[in-house]
Structures are given as structure tokens and as C-alpha cells.
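Here it is, the structure, as C-alpha cells.
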Amino acid sequence: MNKTCAIVLAAGKGKRMKSNINKQFIKINDMPILAHTLNVFNKSKYIDKIILVAAEDEISYCKEKIICKYNFNNVVSIVKGGKERQNSVYNGLKAVKNCNIVLIHDGARPFISDDIIKKGIEFARIYGAAACGVMPKDTIKIKDTNGFSKSSLNRENLFIVQTPQCFKYDLIRKCHEKLIDKKVKVTDDTSVLEIFNYKTYLYDGDYSNIKITTPEDLIIAKEILKESKQKIY
Ligand code: CTP
Ligand code: MG
């Protein structure tokens, strides 16, 4: 059972994008963001299966307009998401069958490379948990409750975590199960492990592996896509 499964999350509401459609269905270069993301995993030789997590009322749209249309035949199931990201992840984890490594990835992060996927799987096999990311370019401050600066963090020790985040399946499933009783909100899966004192190995991702979150990210995304096409052809 040396198999890998990617859980691609697409069940958010995309509130910060302020668009009238779910941000992952916005097209860049004529293809929905979510399709760009799924395309990388579907093509990857390191991924055996994909589970897509979508909002209940968007499942049929995803099936028809994304999975069937682009022929993503490695998507083995589509499951409904939950209220928070962590609920969506847990629903995805429950649908995993016969895989010992899982990669959890934001559907809104379309510029993931096969090399980052490969490294994540390798590190997860060694350390149990691995996540990619980059060093911040800006100075990060702690703000007090009155809106004034309190202190500055040492940039050398900081890391902006991205996805995919890769785990041994039993470990991440156990931690998510225990998280339900804790009633805490987290925004990524390395935080789930931290709560239970497990460490995640952090490795170099890429500045172009952006999460499309606010409207200006769409402008950047179009440029990244242009640049990557130039490299390929
Ligand atoms: N996500 C999810 N289920 C949720 C919340 C988020 O599957 N209940 C997914 C999103 O679809 C996205 C990824 O998790 O691909 C990262 O979340 P984020 O960028 O915060 O997306 P949204 O929650 O959709 O956006 P916002 O926070 O602006 O509403
Ligand atoms: Mg969110």
C-alpha cells in the first residue's frame, strides 16, 4: 500500500475575493483556477489518486464543468466540504482509501510544481510530516490592541507556509480526529500537528506558488502563467 493521495480543497467561499462566483471557478487563460490546480496533480506520476472537496451545492458543477470537461481521470471521489477549512480536510481524510501518504492542497493554489510535490512526499516518508513555504520578504510586526507596533520578529526565523502539506496518513487522520474535541480553529494542517506536539519538516517551496485570495492576486496569477508557459515552450 505504498500509494499517495492528494486532497484538493475547494469548499471555501472566497469572501476576500469579493467576486460573484466562487474564486476557484474564475478563469485565468480560459481555464478555471481549480482546473489549473487539478491538472498538475492529475498529470503527476507521484500521485495515485485525487480527492476533491467541494461545497455541497457546487459538486455537480465541479463534476461536469471541471472533472469531466478536462478529463481529470485520477479524481476518484468528490466529497462535500465543511464550515471551516479543517472540517473540509477531515471530510477529505475520511474518504481516503488504501493510501499511506496524503497531500493536502488548496484548490486556490494553481502554480504548484511537480518538484515540490515530489519533495513533499519524500520528506513525509522520512519525517511523517512536511510542508513547503518561503521566507517572508517583508518585516513582520506584532501589533498591540491600539494599532501601534509592539515588536518586530526576526525574519530569519520566519516561514510563510504554503501547500501541499504532506503527511503519513495515520498521523494526520489521528490528529484531525483529536482536533474535533478541542474546538480550536486553525488555518492549515501543520498547526493541527503542533497542537499535539508533532513537528513538520519545512522545505523550500516557491514564491510563485501563491494562494489566490484577493483581487490583485488574479493580476499576478496571469503573469505567472505567462512566464511558466514561456519556460515550457
Ligand atoms: N476551503 C475549504 N473549506 C472551507 C474553507 C476553505 O475547502 N470551509 C478551501 C478553499 O476553497 C481554499 C483553501 O481552503 O482553496 C484555502 O482557503 P482560503 O484561501 O481561505 O479560501 P476561502 O476560505 O474560500 O477564502 P476566504 O477565506 O477569503 O473566504
Ligand atoms: Mg478562508
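Cβ atoms here come from the backbone N, Cα and C positions, even for glycine.
Pulled these features from TrEMBL for this protein:
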type: SITE; residues: Arg16; note: site 'Transition state stabilizer'
type: SITE; residues: Lys23; note: site 'Transition state stabilizer'
type: SITE; residues: Arg155; note: site 'Positions MEP for the nucleophilic attack'
type: SITE; residues: Lys211; note: site 'Positions MEP for the nucleophilic attack'
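Where in this structure would I find these features, and how exposed are they?
Classification of Arg16 (site 'Transition state stabilizer') by DSSP places it within a helix.
In this structure, Lys23 (site 'Transition state stabilizer') is part of a helix by DSSP. Using a 10 Å Cβ-Cβ cutoff, Lys23 (site 'Transition state stabilizer') registers 26 neighbours.
Cβ neighbours within 10 Å of Arg155 (site 'Positions MEP for the nucleophilic attack'), excluding its own Cβ and spanning all shown chains: 13.
Long-range C-beta contacts of Lys211 (site 'Positions MEP for the nucleophilic attack'), restricted to its own chain and to partners at least six residues apart, with a cutoff below 8 Å, comprise Asp106, Ala108, Arg109, Gln162, Thr163, Asp217.
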Within its own chain, what residues at least 6 apart in sequence put their Cβ under 8 Å from the Cβ of Arg16 (site 'Transition state stabilizer'), listed in sequence order?
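Non-local contacts for Arg16 (site 'Transition state stabilizer'): Thr213, Thr214.
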If you run the three-state DSSP split on Arg155 (site 'Positions MEP for the nucleophilic attack'), which class comes out?
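DSSP call for Arg155 (site 'Positions MEP for the nucleophilic attack'): helix.
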Express the distance between the Cα positions of Arg155 (site 'Positions MEP for the nucleophilic attack') and Lys23 (site 'Transition state stabilizer') as a whole number of Å.
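Distance (Cα to Cα, whole Å): 31 Å.
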